[in-house]
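Trainee: According to TrEMBL, the transmembrane segment annotation covers B:20-37, B:43-60, B:67-87, B:93-114, B:121-139, B:176-193, B:226-247, B:259-284, B:296-316.
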Amino acid sequence: MMSSKQGKSGASRRDVLAGLSAGTALLAMPWVARAQGETIRIGFPTPLTGPFAAEAKDQVKSAELAVKLVNDKGGIAGRKVELLVRDDKLNAGEAATRTLELIEKDKVHAVVGALSSAVQLAVNEVTRARGVIYVSISQSDTINEVKDFSRFTFHEALNPHMTTAAVAKHTFKQGTKVAYLVADYAYGHEMLRGFKRAEAALGATGVGEILHPFGAADYSTFMPRLRSMRPDILCICNFGRDQANAIKQAVDFGMKQQMQIVVPVLLHNQRLAIGPEAFEGVIGGANYYWGLEEAIPSAKAFNDAFRAANGGAVPTDYGAYGFTGVYSLLLAMEKAGGTDTDKVIAALEELQYDIAKGPQHYRKCDHQSVQSVLVLESKKKADMGSEADFFRVVATEPASESILRSCSELGLPA
Amino acid sequence: MTLSAQSLDAGPRPLRARLAARRVPLSILALCLLPWILPSEALAVNVLVYGLVAVGYNLLFGYTGLLSFGHAAFFGTGAYVTGIAIGRFDVPWFAALALGVAAGGALAFVIGLLSIRTRGIYFSMVTLALSQLVYYIALQASSWTGGENGLRGFTVSELNLFGWTVDFLDPVKKYYVIMVFAAAALWFVSRILNSPFGSVIEAIRENETRARACGYDVERTKLISFTLSGLICALAGTLFALHLAIVPLDILHYHTSGMIVMMTLLGGAGSFFGPFVGAFAFLLMEDVVSLWTPHWQIVVGSVFILFVLFLPKGIWGTLMAWRAGR
């Protein structure tokens, strides 16, 4: 697996080998002329093992598709693109090590990936110190804030603030009573904070919050307490398997007859795992749903390419991040005519792209991708047109900075 | 510096004994070669850091015979204190390092006081519970530790000491700077093991009742051993923080404690260099196997089971025993 390609800079143990082969190097002068043709390497750390493995695998498939599409068109300025996928094991320390390896050993030109708030912040820290471009594709509010801001980092995923703002806008009303069941870690806390803010703005009232440990299997003790709060909406702020387990048990307790279940992000894979009955009528946000293809041509093109490459399967929500993250970066590299860091950053800041879900661009101050947020409702089994026809698009919150926190609120110059 | 009883004998000593007497320089030589053997420097530093934790743990587990399940607490405390000292108070790196070691050592002393009087499985449970306490403190005190998101914002890009400047972002230089500390710690551990104190802790491991009957203060000796072990783990923690420039919350999780035990067992508990071999084998396996299959856990797990079943002395321990047997 060791790359034998010579890096352009950086002292390493290869320096010793370089000394031995100094004579040979002279003969290899033509190699210098071909440096322009050097492959563009993109590092892709993602949790292939652990509770988010299903989402991670979708991300890899989509990211590989983006690379393939660009290579089929002849690459970038004649250079091929290569994706180096690494398992970060959903562990921030492991991710930091892997990113160091990608930068120091594999000499990647940019890093895309990570699927957890803590892990992406670790990758962000490593890339920031070394001036390497990083496109993060996992939800986080923290990464936008001034303390973690990096000139080299772009946040392609939605953030909890915009997700909850869009979901609340289409579900909360004046006087709605909302109860929250929240996973007790960064993701849950940030989602709750977003909903609370929207709640105050929309005139809804919170009637209670219950925190549950990350990875909990049993939610039965929480349900009677939530019911006694008599909410109109039960807002379940958790991710992955936790979401499926919590919704299933809420349904078993008959909560759906008394209240609407709302989640910040309605997950394709969890709906797939649990089936239509439990999820029926649940409303939540999403960055992408394949059903967009009826309305948006770029979604159709993305779906078709994905189907062709993956035996007819449709891309998922978190998978789509892998595609948009890598593809937007490659578009910017194309504009910049190569991998020069400053030029690529400038190109990313200027980029207007529509590659899967309608128009997107990176806001200049915090490098957050301004994009649409979908609000989805899970369909009844009888209404499903096909195997993968899970959701109905209730509303599309258009790409606008108005659902983001302002630059000054984040502590950044506008 | 590593004079032992054998040097009193005038006659020529067997190779093994001569090697044992030079174990510190030999170990350091092996560590010098590490970044040239492993696929990347980042991995080499990890081996160094985890090897050092395992060496610290080995002092307690391998030599004193106490199975602690809470050593992540000292490892993590060292890392967090160093990170907070640099990130929040702008303390110079060497002072932050000293603070991290001191804090980890102090915590080890307190946890040691509370747990040392229990034995066997109860000792393991008490240390596990107390280290989980530290985990939850770090999780809740998120304004200090960054909570779930981990501690960030203390990247040290160059080291300054006595007018010298080292580019700490250069992987090779970083490795050798960290190795200096690991080497010092190895010498320190070797010195302890060669001292009368070293013999006492081994005596306690072999037969606690007899050690007590000989007049040794068993509780005090165990406490000192526990604290020293914590100190070395805390040093490893501070180096981890400097290396990755982040402190993930996972560092305090009991999984980390379990990993330390696994590395020590894999390399060979109760052998001087075994823990480093264990960390080397464990991390290399994880790194290389996970590159070609997402099912790396099956491979690594099977190897571990095979070792426990057929080589209970660990890689290094078996090698040493085999040499001695010839």
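Count begins at 1; order follows the chain as displayed.
In case you wondered, yes, glycine gets a Cβ from its N, Cα and C as well.
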Trainee: Can you work out which residues elsewhere in the same chain, 6+ from the ends of the transmembrane segment (B:259-284), have a Cβ less than 8 Å from its Cβ atoms?
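Mentor: 20, 23, 26-27, 30-31, 34, 38, 43, 46-47, 50-51, 53-55, 57-58, 61-63, 67, 69, 71-72, 75, 189-190, 193, 205, 233, 300, 304, 307-308, 313-320.
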Trainee: Select the range from B:20-37, B:43-60, B:93-114, B:121-139, B:176-193 that forms the most Cβ-Cβ pairs under 8 Å with the transmembrane segment (B:226-247).
Mentor: B:93-114
Trainee: At a threshold of under 8 Å on Cβ distances, which of B:43-60, B:67-87, B:93-114, B:121-139, B:176-193 pairs most often with the transmembrane segment (B:20-37)?
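Mentor: Comparing B:43-60, B:67-87, B:93-114, B:121-139, B:176-193: B:176-193 has the most Cβ pairs near the transmembrane segment (B:20-37).
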Trainee: Taking residues 6+ outside the transmembrane segment (B:176-193), which of them lie with a CB under 8 Å of any CB in it?
Mentor: 1-2, 23-24, 27-28, 31-32, 45, 48-49, 51-52, 55-56, 59, 63, 97, 159, 166, 168, 228, 232, 235-236, 239, 242-243, 272
Trainee: The transmembrane segment (B:121-139) vs the transmembrane segment (B:67-87): three or more C-beta pairs under 8 Å (separation of 6 or more)?
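Mentor: Judged by the Cβ rule, the two regions touch, with the required three close pairs present.
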Trainee: Going along the chain, which residues at least six beyond the ends of the transmembrane segment (B:93-114) come within the CB cut-off of under 8 Å?
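Mentor: Here the qualifying positions are 70, 73-75, 77-82, 85-86, 126-127, 130-131, 134, 156, 159-161, 181, 222-223, 226-227, 229-231, 233-235, 237-239, 241-242.
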Trainee: Do any residues of this chain, six or more beyond the ends of the transmembrane segment (B:43-60), have a C-beta under 8 angstroms from a C-beta of it, and if so which?
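Mentor: Same-chain contacts beyond the ends: 31, 34-35, 66, 68, 71, 74-75, 171, 174-175, 178-179, 182, 185-186, 189, 192-193, 201, 225-226, 228-233, 235-237, 239-240, 243, 259-261, 263-264, 267, 269-271, 274-276, 278-280, 282-284, 287.
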